[in-house]
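Trainee: Can you keep this structure in mind? I'll have questions shortly.
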């Protein structure tokens, strides 16, 4: 993930340059609490633990007939052959057994729990390392500024949003990974910048930089074997959640900490536009989840209502073909 720096207004009115970070996250204003991250490290450990368990259950040397597993010295933790899993990981059958997102099982076998379990599974070492690096790089700073409750909510609900949208459009492939939740954190970073507009300077540069990072990652999602619907669903959920749970007091309110003792502060803590954005985002979030879940469990196929949407996750070229 790319990073960008910005300038934030200090409590004394002096502009301070902050270090380069992957979002508009800067040192707290005077009077704001700085949290010690722990939920993101817990998510990190949980994902790695689940992957280790997945490889233990996979047991490639026993389940692969030709025995051409990668890393025989790992014993039952050896990986599937590259021709079967180029991401260096378990088989599709193992992922399905442990909770991968499979439309048929979610809708017709009433296994809705897969909408959440799939976000803790990873297709291989490459997949796991990329996602965990992004989780630490983005999530630690977010949690440091906003705390474990709000970031935990964004992460989990964004992952759910990615699973719901993915299931509406992809029926014949399994899906795993924390990418939807991670894109939710990216979306929340963008909405946090917009709703807390008054406390930042270099606003346009910050927005354009963040939009560029998001656009690049979404464009990479049109490559084959990448579930861009999970990315898009997670991003939308996280973007709306950012307006709801990441709202910060505006600059005028924070200036009270630099006023002489006994000076009355007449500024309101939050501005009207922040409340309006929060109300609209909350309504859209509730409606989106309600409609999406209803369509999913009724067996609706999103491709029937949107004939071009399949191009959002894969664009066929002379080098590869796309299949649902």
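Placed from the backbone N, Cα and C atoms, the Cβ positions cover glycine too.
Annotations in TrEMBL come from automatic prediction, not curation.
Feature list, courtesy of TrEMBL:
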| type | residues | note |
| --- | --- | --- |
| COMPBIAS | 1-19 | compositional bias 'Basic and acidic residues' |
| DOMAIN | 110-247 | domain 'Peptidase S54 rhomboid' |
| REGION | 1-25 | region 'Disordered' |
| TRANSMEM | 35-57 | transmembrane segment |
| TRANSMEM | 119-139 | transmembrane segment |
| TRANSMEM | 151-170 | transmembrane segment |
| TRANSMEM | 176-197 | transmembrane segment |
| TRANSMEM | 204-223 | transmembrane segment |
| TRANSMEM | 229-249 | transmembrane segment |
| TRANSMEM | 270-297 | transmembrane segment |
Trainee: Who are the chain neighbours of the transmembrane segment (35-57) in space, where the CB to CB distance is under 8 Å and they lie at least 6 residues beyond its ends?
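Mentor: Non-local partners: 74, 76-77, 79, 89-90, 94-95, 97-98, 120-122, 128, 131-132, 135-136, 139-140, 142-148, 151-152, 155, 178.
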Trainee: Where else in the chain does the transmembrane segment (151-170) make close Cβ contacts, counting only residues six or more beyond its ends and a cut-off under 8 Å?
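Mentor: Distant Cβ neighbours of the transmembrane segment (151-170) are 39-40, 43, 101, 103, 106-107, 114-116, 118-119, 139, 142-143, 178-181, 183-185, 187-188, 227, 229-238, 241-242, 245-246, 288-289, 292-293, 295-296, 300-303, 309-310, 313, 324.
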Trainee: Who are the long-range neighbours of the transmembrane segment (229-249) in its own chain, taking Cβ under 8 Å and residues 6 or more past its ends?
Mentor: 32, 146, 150, 153-154, 157-166, 168-170, 175, 177, 179-192, 194-196, 199, 214, 217-218, 221, 269-270, 274, 277-278, 280-282, 284-285, 288-289, 312-313
Trainee: Any idea what the model's mean pLDDT is for the domain 'Peptidase S54 rhomboid' (110-247)?
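Mentor: Summing pLDDT over the domain 'Peptidase S54 rhomboid' (110-247) and dividing by its length gives 90.
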Trainee: Tally the residues of the domain 'Peptidase S54 rhomboid' (110-247) by DSSP class, grouping H, G and I as helix, E and B as strand, and everything else as coil.
Mentor: 107 helix, 3 strand, 28 coil
